[in-house]
Amino acid sequence: MDMITKLWKPSAQPKESDVSIQEAANLLREQQVVAFPTETVYGLGADATNESAVKRIFEAKGRPSDNPLIVHVASIREVEDLVTHIPQVARKLMERFWPGPLTLILESNGTASKNVTAGLKTVAIRMPDHALALALLKAAELPLAAPSANRSGRPSPTKAEHVRQDLEGRIAGILDGGPTGVGVESTVLDCTSEIPAILRPGGITKEDLEEVLPEVKIDPALTGKDTPPVSPGMKYTHYAPESPLWLIKGEDEFFRNQLHELQEEGYRIGVIASNELAEKLHHDFVLPCGSRENLTEVANRLYEVLREYKKSDIDLILCESFPNYGVGAAVMNRLTKASVKIIEQP
Ligand code: TXA
Ligand code: MG
């Protein structure tokens, strides 16, 4: 799978007619895969209606193909081509939150290829809030299946450089739109159950959804340990940094004690912490990821700091835990999956 990966850097206000957008769109029509920025993370796109194009996504990522993908569209009109019907609640959510980091699970009409839906009767759809993504979707005139543009198991890419690290030589091209905004993936909301259910917390928070919906459930698989996963993506190791990550739940003093004990045992430790804790630690390897008071900033920095520590320098990463509300729920969901161990203050 050794190919030349084209790198384009379009203007910040791209037009469908730009050469870079046209080249990328043409490659997509030729069943190639192209990475592009969205407001959450970079996606790896292919024609969602074409099975062999979608197969290339799984090959490039090394991702198991029983894990369904999100279909990206540039208008609500295109959703109608993909689903049996649009329920009232879903329409309300699209009007309020699209374009934006909210993915809706709806009943598929079979137009999305079966390796997009992993054989399910449902399909995941969202409209990204990013000028480049929207220009590409319009130029290609295709719905694009796009998972995060990382090698399977790695932290999701929030910069074109991260996509290159993981996929250069394995995909046809990368559209560089600079760093993404939200930093964690979209919220996945199942609209086929009577009460809509969050299958993956993300950029649109439960609190945001409650402004529009009378009731929102959180899928039990997100909280419980032994309930079988509804969203197949939930069961794989995800977002893993190079060195094992331990998540520490407790006060700052507890964190500091854990750090010192492990250091005394001879481990080379990298710390990921809020600005507030980072300042107190006086440790050589600390990556601050924003203020505790600003979980939006923490979400934005998260994947980048997870990529930063290299196993040649660090044996173990100790990471602070964050409040589990607002976009903090998405941060904690990803950190829990990225960790191999959770240490809780007694
Ligand atoms: O922000 C995002 O959503 C990014 C950007 C690129 O748009 N995309 C992304 O895609 O995160 P991916 O493939 O990495 O995540 C898809 C998630 C997985 O958790 C998957 O299990 C779930 O959506 N999913 C997809 N189709 C589903 C379906 N029919 N039923 C339940 N869950 C589904
Ligand atoms: Mg992903």
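Note: Cβ is positioned from N, Cα and C throughout, glycine not excepted.
Over in TrEMBL, the protein carries these features:
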DOMAIN    18-204  domain 'YrdC-like'
BINDING   Thr40, His72, Thr122, Arg126, Ala146, Ser186  L-threonine binding site
BINDING   Arg63, Asn67, Ser148, Ser156, Arg200, Tyr239  ATP binding site
Problem set entry | Residues near Ser186 (L-threonine binding site) in space but at least six apart in sequence (CB under 8 A) | Thr40, Ile70, Gly100, Pro101, Leu102, Thr103, Arg126, Arg200, Gly202, Gly203, Ile204
For this session: Please work out which residue of Thr40, Asn67 has the most C-beta neighbours within 10 angstroms of its C-beta, and give that one of the binding-site residues.
Result: Thr40
Problem set entry | Distance in Å spanning the most remote Cα pair of Arg63, Asn67, Ser148, Ser156, Arg200, Tyr239, given for ATP | 18
Seminar exercise, completed: Counting across all protein chains, other CB atoms within 10 angstroms of the CB of Arg126 (L-threonine binding site) number 28
Exercise. For Tyr239 (ATP binding site), which residues of its chain lie six or more apart in sequence with Cβ-Cβ distance below 8 Å?
Worked result: Gly153, Arg154, Pro155, Ser156, Tyr303, Leu306, Arg334, Lys337, Ala338
Exercise. How long is the line from the C-alpha of Asn67 (ATP binding site) to the C-alpha of Thr122 (L-threonine binding site), rounded to the nearest angstrom?
Worked result: 13
Seminar exercise, completed: Excluding its own, the Cβ atoms lying within 10 Å of the Cβ of Arg200 (ATP binding site) add up to 22
